[in-house]
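The transmembrane segment annotation in TrEMBL covers A:47-78, A:90-109, A:115-138, A:150-168, A:180-200, A:221-239, A:245-268.
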Amino acid sequence: MDHNTLLLFAGIGGLLLLASLIGRLLKWRAGPAPHAVIDNLNARINAWWVMVLVIGLAFVFGKLGVILLFYCVSFYALREFLTLTPTRRGDYPALVAAFYVALPVQYLLIAMDWYGLFSIFIPVYLFLLLPILASFGGDTTRFLERASKVQWGLMIAVYCLSSVPALMTLDIPGFEGRNLLLIAWLILVVQISDVLQYVCGKLFGKRKVAPRLSPSKTLEGLLGGVALATLIGATLFWITPFTFWQAALMALTVNVMGFFGGLVMSAIKRDRGVKDWGHMIEGHGGMLDRMDSVCFAAPVFFHFVRYWWA
Amino acid sequence: MLAALTAFGITSVARLITGARALWLGCTPQPVQRLYYANHSSHGDFVLIWASLPQELRRHTRPVAGADYWQKPGIRQFLINRVFNGVLIDRQHSEAQSDPLQPIHAALEQGDSLIFFPEGTRNLGDEPLLAFKSGLFHLASAHPEVELIPVWIANLNRVMPKGRALPLPLLCTLSFGEPLQRLPDDSKHAFLERARLALLALAPKES
């Protein structure tokens, strides 16, 4: 890892240390009785330590590490998505193709740097192949709905998320060998935006911004969180190929996309009658609860960087 | 040794593929004699219940399975006898005068807990739960001291559809409900319907 990466992780470690201290302090002030918000806050902070450690470990192994990490993230996200969206017996071949073909092939294509194929593999080839496979089952009940579910799951959990490791394939003049930092910047900005929206919402939140889709999101949280995260993204311009103002605009873009991603994924959850996608990350819910904003931000970020910088 | 290793392997794989999340909604995992009765849609059903029990309970909890499927020499026989310590019943009633539930009565008298599928066969249709066979009623009447725990297994029919070799890695949830109340003047029909509704109440709502 180069100097900047170490510096970045040291900064994140310091931030988490501060968060852990504040969390413990709040818990100490509130007394030993269980307190839903504070206990959840501490669970979230603890989970952040684990997530940062896992990402750091992946970074040690460079491109391959990041590809493997996101392969796993995609797998867990896809399984949560398809668990919550019921399919029928006839969808079995399509689901096998999703888990055992589409997922590994997409990441293999990224490892091979094959932009021409990984950018259209799922949106074109799988889009056509999955309903063909489903048609073999001979079951017409809710056919379009079932075909859409599998396609949507693949797009969100595999295609969109794989845009993050795909950043490793970009050749950015003057930024050679430092693409990992671009990934670190993207994840940091999107996730810190989520965290700051949560914090600003808890501190100042009054007006609900989408009460039907996501009752916990407030206007104050949204504005405060996005503004602060954009500022952080801009001040970190020195680890990216962007200038200060370019970094600010990029950060604003991914933060807005991330916010809408959270909203859309929340709408799906409400429709299915659940609060969380899963239970694998203590305090946060499932993998998709943590990655919903990244799903929407990453593809746009990837294509913007590719179009203007690579 | 081989049996213990196989048991460890099977429970690990089952948990890895399905996430096997146990929700103890109406009871807690305790070492009391119980009959867990569940919906049945896949050969993996009892494995998943078995895998989601704490180890000390697992040792005394035996699946009830059909002899016609499991009593074949080789790997199946090894699994059901040595690994799962299953109670095999003759579903075909080959000898008309004998009670097919006899091995189950014997196991309950020994103090073992059981995993039992009251539908009698795998449910492969669209109906969430088939009508119960009378077996559960006879067992409940003969052993009033045994707790009857409904267990709803969600999603396993999608993980392992009938006739497919490759399991799908979808998440499964097991909901353990409250022990079924015994009413002194229950008729067979009323009891079975009550037991069936108690199990169905644990199923996730479909929209």
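Note that Cβ sites are derived from N, Cα and C of the backbone, with glycine treated the same way.
Since this is a predicted model, take the numbers as computed values, not measurements.
Same-chain residues lying 6+ beyond the ends of the transmembrane segment (A:180-200) with a Cβ under 8 Å from its Cβ atoms: 1, 4-5, 8, 12, 55, 59, 62-63, 66, 164-165, 167-168, 170, 172, 217, 220-226, 228-230, 232-233, 236, 239-241, 251, 254-255, 258-259, 262, 290, 293-294, 297-298, 301, 305. The stretches the transmembrane segment (A:90-109) and the transmembrane segment (A:245-268) do not meet in space: the count of Cβ pairs below 8 angstroms, excluding pairs fewer than 6 apart in sequence, stays at fewer than three. The stretch in A:47-78, A:115-138, A:245-268 that contributes the largest number of Cβ pairs under 8 Å to the transmembrane segment (A:221-239) is A:245-268.
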